[in-house]
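Reviewing the structure listed below.
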Amino acid sequence: MNESAIEEEFGEELIDDCLYEAPYVTERFWLVGVGGTSVAIVSFIENAFVFYMLMKRKTHRASPNLYLGLLAFFDMFMAGAYIPLMSLNLFADYFQSLPLLTAWYHYMIPLITVSHIAMTSSTFLIMAATVERYASTVKPHTKTSKFLTRNRVGISVFAVLMGFFTKLTMAFEITWSYDPKCEGLMTQWKIGVSDIALNEAYATYWKVAFRNVATVLFPFFVLLILNIRIIFAYKKTDFHYLSVQKLSEAKRKQRVRAATRALLLVVFTYLMSNCLNVLITIGEHFHPDYLANELRVFYIFSVDVVSLLTIFAGVLRLPIYVSCQSSLRREFAVQIRKWIAFWTFGNYKHSKINQSETGRTCFTDDMELADGDANGGGQYANLLMALGTALLHETPSNTRMDSSTGDSPGDRMIRTASSDRHSCSEEMV
C-alpha cells in the first residue's frame, strides 16, 4: 500500500502515522552498519579463541582464568548479537527493506533479552574476579581470600543466575504489533511498551531503584574503586603475596611493572566503554526531556557509540592478555602455530610441532598455573591478568527511553531498537 492508497482509504490525517524517515541514517549506517559490524566480527573471533584456550585445560579452569574464559564466552555472544540487533536494524532503514525489518521484529525480543542477560552476567563475573583479586592482593591468606579461591565455580554460577533473574523481565516489557493501515510500508510494524513496564511502581522500584543501580551504576563505581586500591597496594614495598612465591627481586619488579601496565590498560578500556553509558543513564533519570529534545543529535549518536564501545572493549582484551602475560602469550602463539602447521603441512608435521615445541611450553605454563593456584591465587603476573579482564559494562543499545518509564541504557534497546522509528518509552553486555 502506497501513500496515495493510504490517503484514499484512511484519510490524509493518517498519512503521518505511516510515514517514517530514520534520523541520520547515512551517518549511522557507516558508524553502526560498517564500523560496528567490522568490530563485532573481530571481537567474536578473538573471544572465541580466548574461550577455547582458557577452557580446554583443567589448569585454567581451576584458576582465576575461569572467570576470563566465561567472560570471553559472553563477549563472544554479545559480539554475535550486535550484528542482528544493531547492524541489521540499520541495514533495514538504510535500504528500506521491509522483509529485513519484518525478520528483525520477529527475533528482536528474545535476542535482546538473552544478550542483556549475557551482559549483566559478564558484569557480575567481572565483579567476582575483581573481588577475589582484591582479597588476594590486599588481604592474602584470610578466610575470605581462601573462600573466594575455593568456590570459583559456585560464584560463577551465582553471577550468571543474577544476570538471568535481573534481566529476564525485559522479555515482558516490550510488545510489537501489525498495523494494517500501513501495510507495505516500513511502519507496518509498531513497537510499544507493555502494561507492566508502564506500571509506575514497577518502573520506579524494579527498573530504576534496583535494576539500573545494581547492573550499571553500582558495578561501575565498585570496580573503579577496587582497581585503584589494588594498584596502590602493589606499589607498597612489602609485597606479601610476592614474597610467598619466593620471586627474585628482578623478577618481582618486572611483574609489578607488567601488572601495573595491565591494570592501567584494563581500567582505561573499562572507563572508555562505560563512562558515557553512566552519564547517559544519569541524564535519562534526571533530565530525560532535555536529553531527548535539546540534545537529540548527541543522544541519538551516543547510544550507538556506547554499544560500539562495549564491543570494542571486547576486542582489546586479547591484546591486553598477550602483551602483559608472557605465559599466555607463549601458549596462544604455540596454538596458532599448531593450527597454521596443520592447515599448511598436514597432520604429520603438525604432530612433530606438537611434540617438540608445544609439549615443553605448555608443561612450563601448567606448572606456573598449578603452582600459583595452590598458593591461593596464582603468581603475580597471572593474578593481574585475571584481574585485567575484570571490567565490563552493561551496554546500551541503539534505542531511546521514554521519560515516563525511567528506563536505563539497557532498556534503551528494548524501547527503540529500531532507532527513532517507533518512539515509545523504554531501555536495553
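Every residue gets a Cβ built from N, Cα and C, even glycine.
Predicted, not measured: the structure shown is a model, and the values here were computed from it.
In TrEMBL this protein carries:
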| type | residues | note |
| --- | --- | --- |
| TRANSMEM | 29-54 | transmembrane segment |
| DOMAIN | 46-321 | domain 'G-protein coupled receptors family 1 profile' |
| TRANSMEM | 66-85 | transmembrane segment |
| TRANSMEM | 105-131 | transmembrane segment |
| TRANSMEM | 152-172 | transmembrane segment |
| TRANSMEM | 213-232 | transmembrane segment |
| TRANSMEM | 262-282 | transmembrane segment |
| TRANSMEM | 297-320 | transmembrane segment |
| COMPBIAS | 396-407 | compositional bias 'Polar residues' |
| REGION | 396-429 | region 'Disordered' |
| COMPBIAS | 409-429 | compositional bias 'Basic and acidic residues' |
Let me check one thing: do the transmembrane segment (213-232) and the transmembrane segment (66-85) come into contact, meaning three or more Cβ pairs under 8 Å with sequence separation of at least 6?
no
Chain residues outside the transmembrane segment (29-54) and at least six past its termini with a C-beta under 8 angstroms from it:
60-61, 65-66, 68-69, 72-73, 75-76, 78-80, 82-83, 86-87, 90-91, 93-94, 301, 304-305, 307-308, 311-312, 314-315, 317-318, 321, 328, 331-332, 335, 398
Any residues 6+ beyond the ends of the transmembrane segment (152-172) with a Cβ under 8 Å from its own?
64, 66-67, 70, 109-110, 112-113, 116-125, 127-128, 132, 194, 196-197, 206, 210-211, 214-215, 410-411, 414, 427
The domain 'G-protein coupled receptors family 1 profile' (46-321) [mean pLDDT, rounded to integer]:
83
